[in-house]
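K.L.:
One structure is given below, represented as structure tokens, and several questions about it will come after.
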Amino acid sequence: MAVDAHFHVLAVDDSLIDRKLIERLLKSSSFEVTAVDSGSKALELLGLQEDLHDHQDFEVNLIITDYCMPGMTGYDLLRKIKESKNLKDIPVVIMSSENIPSRINRCLEEGAEEFLLKPVQLSDVDKLKPHLMRSKSKDDDYFEAHCKRMSDDECVSPNKSRMRMADELEST
Amino acid sequence: MRCLFKLGHVRRWGFNSASSRALPVLGSPSLNWASEYKFYHLHAEILIALRDGDRKKEYLGYLDEQFIQLEELQDDDSPNFVEEVVNSYYSDSARLIRIIDQALEKRAIDFDKLDDYMHQFKGSCSSVGAKRVVDECSQFREYCAARSAEGCIKTFEIIKHEHALLRKKLEAYFQLVNSAGTM
């Protein structure tokens with residue numbers, strides 16, 4: 001479906017098998033996927049380490065990361081993302097093979113949207129969709145693709161987009 | 001021969017109708033009844049049968065529902081997904097087995113490192129549904145926590161044995177699946 005094809009997920013996991021698995025899970029749910037094997041690679045792609053402002057080539061709607069990774073853990077990655085002005089609004093989901101309540105709470109408190117237990121299932125991927133929809137609705141691209149031709153009544157976009165629509169109508 | 005589960009069960013679990021090639025379909029013309037029967041038997045043999053109401057779980061097979069999840073993810077876009085994952089699993093786990101063997105040979109065993117390696121290994125096993133191996137991995141980690149070199153060494157032999165046994169079963173399984181051909 002055209003709508004889902006706009007959703008791009010960045011998956012981070014040091015395990016090759018788990019990367020293959022998460023990639024397939026996400027692709028079969030019609031998401032675009034980029035899979036990397038470390039937090040530092042993820043940050044590189046997101047443009048954080050080089051402090052790039054113009055990284056339109058790499059837009060991401062959700063980051064899903066393993067917790068236990070050598071070097072930078074999923075938690076470290078989560079913190080760096082939430083501390084970044086450019087990236088803090090991207091929803092982050094943590095995966096872990098270990099069910100440790102204190103770990104789960106720590107991640108949720110730091111701003112993770114969900115905490116998934118491995119092995120991740122198709123039903124877990126379904127849980128991600130509302131988070132993606134929320135983040136996308138703030139995005140102008142989504143608005144342009146889906147609301148431009150609609151009237152104000154039909155389009156349930158946030159106020160910012162609504163005002164823009166009004167501007168467009170005025171200009172025509 | 002005792003039947004592990006009803007035919008209907010196997011149909012629901014093992015047969016991915018979305019894939020035209022990878023898995024045989026019940027009554028498919030590409031399989032004669034003899035190989036279909038063989039397939040059922042092998043598929044049933046490798047899967048764990050979890051019977052409702054049983055207090056004691058009998059592990060009659062080697063794999064759990066995670067393997068079925070892999071099969072369900074296989075489709076025309078990714079027609080060899082299961083075999084690819086299994087191949088990755090065996091090459092990756094071979095590496096970890098070597099590392100763990102070396103770690104166990106040291107005179108002064110670093111149990112924390114050992115536990116870390118086993119955590120990685122167990123994760124991979126869990127992702128492919130290798131239930132028997134996973135259970136032994138849990139046992140191994142308990143011996144790590146208890147700082148028992150003997151326990152770790154003994155359990156690791158069992159792990160390697162189960163790992164190799166599963167490999168043989170999966171090889172036979174994929175051979176049968178691949179020889180069944182296209183629809």
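Residue 1 is the first one shown; counting continues down the chain.
Positions of Cβ are set from backbone N, Cα and C atoms, glycine also.
TrEMBL feature annotations, pasted as is:
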type: DOMAIN; residues: A:8-133; note: domain 'Response regulatory'
type: MOD_RES; residues: A:D66; note: 4-aspartylphosphate
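Could you place these features in context, so I can see how deep they sit and what lies close by?
P.N.:
Classification of A:D66 (4-aspartylphosphate) by DSSP places it within a strand.
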K.L.:
Near the Cβ of A:D66 (4-aspartylphosphate), how many other Cβ atoms are there if near means within 10 Å?
P.N.:
26
K.L.:
Where does the mean pLDDT land for the domain 'Response regulatory' (A:8-133)?
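P.N.:
Summarising the domain 'Response regulatory' (A:8-133) by its mean pLDDT gives 91.
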K.L.:
Please spell out the DSSP helix, strand and coil residue counts for the domain 'Response regulatory' (A:8-133).
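P.N.:
For that range the per-state counts are 52 helix, 24 strand, 50 coil.
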